[in-house]
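Novice: My questions will all concern the structure given below.
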Amino acid sequence: MATFHTETVQSGLALSRLHILFHSVALLFLYYYRISHILLEPSFVWIFMTIAELIFGELWLFKQAFRWRPVSRAVMPEKLPSDGKLPALDIFVCTVDPEKEPTVQVMDTVISAIAMDYPSNKLAVYLSDDGGCPVTLYGIREASRFAKEWVPFCRKYGINSRCPKAFFSPMGEDERELLLLRNHEFLAEQEQLKAKYNIMQKNIDEFGRDPKNRSIVFDRPARIEIINEQSEIPLVVYVSRERRPNVPHTYKGGALNTLLRVSGLFSNGPYVLVVDCDMYCNDPSSAKQAMCFFLDPETSKDIAFVQFPQMFHNLSMKDIYDSQHRHAFTTMWQGMDGLRGPGLSGSGNYLSRSALIFPSPYEKDGYEHNAQNKFGNSTMYIESLKAIQGQQTYKTSISRNVILQEAEAVASCSYEIDTNWGNEARFSYVILLESTVTGYLLHCRGWRSTYLYPKRPCFLGCAPTDFMEGMLQLVKWSSELFLLGISKYSPFTYGISRIPILHNFTFCYFTSTCQYIVALIVYGIIPQVCFLKGTPVFPKVTEPWFVVFAILYVSSQSQHLIEVLYGGGSLGTWWDEQRIWIVKSIVGGIFGSILAIKKRFGLNKAKFILSNKVVAKEKFEKYEQGKFEFEGAALFMSPLVGLLIVNILCFFGGLWRLFNVKDFEKMSGQLFLLGYLAALSYPIFEGIITMKSKVQ
């Protein structure tokens with residue numbers, strides 16, 4: 001049977017598993033040492049240290065599931081059926097606020113989606129304007145007009161960088177020079193297109209100068225507009241769902257659910273691409289790459305989604321905030337892919353519409369039972385579900401005006417409230433869409449997913465380049481992960497009987513990361529205060545038990561270092577990741593837990609945290625230099641500053657005492673810990689001093 005992709009288990013698997021066993025044995029020795037000491041001489045210090053080390057050990061154990069069977073995949077799109085036999089594909093792009101998501105940038109993403117290397121009659125692009133801003137509607141009209149010339153140009157010359165901004169920027173210089181060598185007509189056409197692109201940008205910017213055109217409309221009816229349905233480019237549809245101040249607004253998740261219904265009435269593609277408004281399509285072949293899994297005879301039956309890594313065009317050489325999420329996209333996702341597949345990220349994922357409708361890959365006949373309670377009272381939308389099973393959906397006699405009226409009805413803010421639309425699906429898709437475990441419930445229902453990390457990034461976005469934006473995003477993710485962990489769908493209860501144990505461990509890890517804060521606060525205060533007082537919390541350096549602690553430290557750090565080097569990183573990358581992991585664990589743990597608890601008990605008014613895609617020049621220059629920027633992040637910095645002060649005072653006070661008392665043997669472990677933390681904290685300390693000097 002022909003297959004369209006290959007799977008390769010990463011090398012060194014036996015050695016990696018041997019290391020897991022070795023480290024586990026060392027952990028058992030550590031726990032024996034701690035517990036036996038507590039039984040002989042109980043003290044609060046040792047009890048807290050033991051609790052912290054139990055947490056570190058628990059999370060380390062869960063994390064090894066990612067390392068159990070990591071795989072890499074390659075695709076063979078040349079083996080796919082001809083273009084005429086490819087299934088239809090709908091692309092969803094969501095935007096809200098032109099102030100934080102510049103309209104020209106959003107239109108670059110839309111144009112790159114329109115220009116995808118996929119048959120135009122099988123492709124549809126939907127833009128959700130959740131702010132109802134006039135400039136967004138104006139922008140997509142301008143973008144569609146430009147795309148009618150841009151798409152034929154891209155197809156004629158086989159252009160890869162189909163985002164016009166990227167193609168005309170220095171990033172596209174190599175490709176432009178190569179095309180010029182091949183075809184002398186290219187230069188003239190390129191200059192014409194560049195001039196028209198500049199005009200498009202100018203028109204949108206001028207229209208957006210009026211504040212009324214950029215303002216979010218919080219009280220509005222639904223508006224659906226077909227921007228293009230001519231054959232030269234794909235179908236383009238503008239969607240602005242109804243919004244009322246007194247009706248709950250589920251933000252991006254709700255917008256995507258609306259797009260699912262609206263697209264079901266127009267194009268009803270069996271597959272859907274979700275892409276952030278700032279994450280343009282960098283490789284036009286990504287759709288065909290995804291189809292290598294959806295159409296593969298061996299995997300097509302139960303694949304819910306294909307996830308691509310989120311990659312960024314504005315990363316500096318020294319990515320101090322780890323905005324690229326290297327560990328997640330090179331270690332975690334590939335490790336999950338070797339089990340039953342990764343979780344769903346907020347962007348760059350191709351989804352099967354079936355997975356969002358049917359309860360499992362083996363139960364696709366029950367959607368008609370009680371359909372109106374599950375999917376709402378739109379008979380036209382319910383009829384569209386038949387197409388997923390290969391049945392004919394629409395009659396040609398249905399006019400566009402009738403479909404538009406029905407689309408506005410399913411885009412009303414009350415549509416989901418009036419229906420009992422699959423509470424479990426609502427929880428997974430609406431509430432947790434942007435977190436790393438959105439696909440968790442899909443896996444619980446028997447679906448699988450897959451992960452593809454191609455050499456050329458298929459999607460490129462704009463990463464946070466200052467501390468504040470990065471932490472806002474992190475707190476949002478952490479709170480939703482915490483909520484999943486304490487919900488009835490927790491992997492500790494709901495998932496344990498529905499997902500293979502190792503795969504479930506990966507979701508247990510995600511939902512337990514807030515526990516790090518307990519262990520880090522203990523390790524960030526108790527050894528320091530005890531060092532100042534001369535109270536040992538680790539064995540003497542001359543005792544055999546000290547070797548156990550040393551082995552565990554070297555073992556965990558070497559594991560991380562090998563992964564960084566294997567992934568193309570450096571010693572500097574490893575060191576920076578050590579620092580930002582501690583920072584993110586503290587900030588995400590504290591503020592993510594607080595936000596989750598407030599949400600759980602209804603103490604927090606629902607608020608959408610939108611990442612700012614506008615990068616200030618001064619902040620970006622500091623980011624390029626590898627310097628921390630803490631402006632506007634005083635609240636997030638408060639626990640870090642507190643721990644930093646404790647460490648500095650105890651470090652220098654303890655050194656003074658150590659040189660006087662000279663008890664180096666029993667205090668060596670704490671001296672190393674404080675020195676290690678001081679070295680990690682230096683750039684943060686430097687950033688705080690810089691921030692204070694600016695304020696003064």
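Glycine too: its Cβ is placed from the backbone N, Cα and C atoms.
Pasting the relevant annotations from TrEMBL:
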{"type": "TRANSMEM", "residues": "12-32", "note": "transmembrane segment"}
{"type": "TRANSMEM", "residues": "44-62", "note": "transmembrane segment"}
{"type": "BINDING", "residues": "Lys100, Glu101, Asp130", "note": "UDP-alpha-D-glucose binding site"}
{"type": "BINDING", "residues": "Lys252, Asp276", "note": "Mn(2+) binding site"}
{"type": "TRANSMEM", "residues": "507-526", "note": "transmembrane segment"}
{"type": "TRANSMEM", "residues": "580-597", "note": "transmembrane segment"}
{"type": "TRANSMEM", "residues": "632-659", "note": "transmembrane segment"}
{"type": "TRANSMEM", "residues": "671-691", "note": "transmembrane segment"}
Novice: What does the structure give for the C-alpha distance between Lys252 (Mn(2+) binding site) and Glu101 (UDP-alpha-D-glucose binding site)? Integer Å is fine.
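Specialist: About 14 Å separates the two Cα atoms.
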Novice: For the transmembrane segment (580-597), I need the partner stretch with the highest count of C-beta pairs below 8 angstroms, choosing only from 12-32, 44-62, 632-659, 671-691.
Specialist: 632-659
Novice: With Cβ-Cβ distances below 8 Å as the criterion, list the same-chain residues six or more beyond the ends of the transmembrane segment (44-62) that contact it, or say none.
Specialist: 23-24, 27, 30-31, 34-35, 37-38, 505-506, 508-509, 512-513, 515-516, 518-520, 522-523, 526-527, 530, 535, 537, 556
Novice: Mind checking which residues reach the transmembrane segment (12-32)? Cβ under 8 Å, same chain, six or more beyond either end.
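Specialist: Result: 50, 53-54, 57, 60-61, 64, 67-70, 545, 548-549, 551-552, 555-556, 559.
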Novice: Given a Cβ distance threshold of under 8 angstroms, which distant residues of the chain, six or more beyond its ends, lie next to the transmembrane segment (507-526)?
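Specialist: Non-local partners: 45, 48-49, 51-53, 55-56, 58-59, 62-63, 65-66, 343, 435-437, 440, 478, 481-482, 484-485, 490-492, 495, 499, 537, 582, 585-586, 588-590, 592-593, 596, 643, 646-647, 673, 677.
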Novice: Tell me, how many other CB atoms lie within 10 A of the CB of Lys100 (UDP-alpha-D-glucose binding site), whichever protein chain they belong to?
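Specialist: By my count, 14.
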Novice: Please identify, among the binding-site residues Lys100, Glu101, Asp130, the one with the smallest Cα-Cα distance to Asp276 (Mn(2+) binding site).
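Specialist: Closest by Cα distance to Asp276 (Mn(2+) binding site) among the binding-site residues Lys100, Glu101, Asp130: Glu101.
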Novice: With UDP-alpha-D-glucose as the bound species and Lys100, Glu101, Asp130 as its recorded binding residues, calculate the greatest Cα-Cα distance and give it in Å as a whole number.
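Specialist: In whole numbers, the farthest two Cα atoms are 13 Å apart.
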Novice: For Asp130 (UDP-alpha-D-glucose binding site), write down the residues of its own chain that are at least 6 apart in sequence and whose Cβ falls under 8 Å from its Cβ; none is a fine answer.
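Specialist: Set apart from Asp130 (UDP-alpha-D-glucose binding site) by at least 6 residues yet with Cβ under 8 Å, we have Cys94, Thr95, Val96, Ser240, Arg241, Arg243, Tyr251, Lys252, Ala255.
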